[in-house]
Amino acid sequence: MVNSNPIGTPKDRLEALKESYLSRLESNLNHLELLAGRLLEKAQSDEYLEELHSTLHSISGSAGSFGFNQVGQQARRFEQATAKILNQANAPDEPLPAREWIAQLRASLESDKKQKASASIESSSTSKADGNTCIWLIERDAILAEFTAQQLKSFGFEVHHITDLQELNNPSKPAPDLLLIDHRANQTLSAKPEHLGSWKTLLKDFTCPKYFFGAEDTFDARLQALRNDGKGYFVKPLNMISLTRHISELFQVESSEPGRVMILETNSRLSQTLQTALEQADMLVYSLSEPQQLFESLNEFNPELILLDLWLTEVNGQELTALLSQVERWAHLPIIYIANESNSSLKNQALLMGGGIFLEQPIDTELLARLCKSQVHKLRQLEASRSKDALTGLLKHASIKEAIQSHWNYVQRQPQTFSLVMLDIDHFKQVNDTYGHPVGDLVISAVGTLLRQHFRSTDKLGRYGGEEFTLLLVDCEADDAFKMVDNLREAFEAIKFSSGDTYFSCTLSAGVLDNKQFSDASADALIEHADKALYQAKQSGRNRVCLACA
Ligand SMILES: Nc1nc2c(ncn2[C@@H]2O[C@H](COP(=O)(O)OP(=O)(O)OP(=O)(O)O)[C@@H](O)[C@H]2O)c(=O)[nH]1
């Protein structure tokens, strides 16, 4: 039985959940033993086979989350073997070796108990950023749900556990921003995948994003999730670091700036029609008729997409594509070709030069506007992924420095206060040395997610290097920045990381300033001042935030 309102330290709560899980696992194994005996007497009973399958499925989907990795993997193999037999029309030649399976599961359980296999997180912190993402967790396994919910809460998500699908219509719950669904939670003991389709009907009133998860790492499970409007499918045991990062990135607001489209077209009437259609679709448009001015105009307008007349009088689309591909800055600029006739050889040549989409006249302007938007969206996503650090999803060193420089340039023209923060995990070397590099990576990654949860999407957050982070907080004075970073420091300290059966927490130090304090300083000098304040925080005992002195 799981206490729905657990008390005690995070460690106590995790331990209690692991204890509950272990005793359930042991009774599952006893139940499997019973089924194995019945199957010996009645080898082809579908009823017993389905129960065996379902119990193995439940173990395979949950054991790994509690650190019983070998048990989970083995249960998955046995579950697959049982499913094969269930799907066969004829009785198998050999009886199912269920007794041997159970002996192997018991041996794995003993071995898992001795291993330090899992790394997880827990927090007692309740201080959260405003507007927490509200997640409804639809999971029929109460222990697993509690365990998952506690970890999600550590990152500042608000989590509601749905055990009974009737609760989906409960108006007293705060509306979800995201549904996280065990894809089999709409079934009872049945393991038949054809029942999965009904999620679409069950969730028809929910417009928020949906993620599915399940024990199966199969094409079918992913396809079903997609067909049920899932934005993604995660395999159990859930990797909480990757899941929380996925979720927090999902809610990062994409730039709402209008897409910038350049039109290079000699036919002025056509050019005007296209420009009007795109402007009506809220895009910024720059029209050009002279190819000779191409590079000058590109540098001036900085487009995210170019509409190119495939057959200009002096130079053709193929040559222009080649020219663009030779200049690094424009080599990956998306191109939409406007062809005034069906000239397949010209099209093929431009395609071979790396060209993009072809539209023939008469142009469907509505389709064109949609295509332009999707091309700009793709380019922005690509640029974002290039500038992001793989472990944390934050900006890489060069990108955060660039963001600081460009914001600094901006405030020279439009005076505005911003704060800079340098932040570093304390004694991080010890974490690596004691628990290993992968656990160290988990801690770094957790800082990334925590930062995204605590700051606005308009702030720039970067991994400066190793275990050091840089934040640019726009429109924010140092005193406010100090308070926010101090809240973050407390939240981070409250997170309990676990490596096997060992629990530990980490702290961080930070240096904070705003540009008003150092009005003559360059962007680089501001970073240096913030770094000095960080050094001061380290020198004066760590686990603290220091304001830079002007
Ligand atoms: N796991 C992991 N470790 C990293 C990564 N990048 C840097 N490190 C390690 O981070 C540690 C940083 O150690 P130090 O610079 O001595 O600092 P510290 O131990 O945090 O001590 P203080 O900053 O003085 O509190 C080094 O051991 C690096 O190897 C990474 O991506 N993953």
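Placement of Cβ uses the backbone N, Cα and C atoms for every residue, glycine included.
The domain 'HPt' annotation in TrEMBL covers 13-119. Residues annotated as phosphohistidine in TrEMBL: His57. As annotated by TrEMBL, domain 'Response regulatory' applies to 134-251, 260-376. Per TrEMBL, 4-aspartylphosphate is recorded for Asp182, Asp309. According to TrEMBL, the domain 'GGDEF' annotation covers 416-550.
Per-residue pLDDT, averaged over the domain 'Response regulatory' (134-251), rounds to 83. The domain 'Response regulatory' (134-251): residue composition by secondary structure is 48 helix, 26 strand, 44 coil, according to DSSP.
Neighbours of Asp182 (4-aspartylphosphate), defined as other CB atoms within 10 A of its CB across all chains, total 22.
Asp182 (4-aspartylphosphate) sits 13 Å from the residue listed as 'phosphohistidine', taking the CA atoms of both as reference points. You'll find the Cα of His57 (phosphohistidine) roughly 58 Å from the Cα of Asp309 (4-aspartylphosphate). Within 10 Å of the C-beta atom of Asp309 (4-aspartylphosphate) sit 22 other C-beta atoms, taking all shown protein chains into account. In terms of DSSP secondary structure, the domain 'HPt' (13-119) contains 86 helix, 1 strand, 20 coil. Secondary structure of the domain 'GGDEF' (416-550) per DSSP (helix as H, G, I; strand as E, B; remaining residues coil): 60 helix, 39 strand, 36 coil. A 10 Å cutoff on Cβ-Cβ distances gives His57 (phosphohistidine) a total of 23 other Cβ atoms nearby, all chains included.
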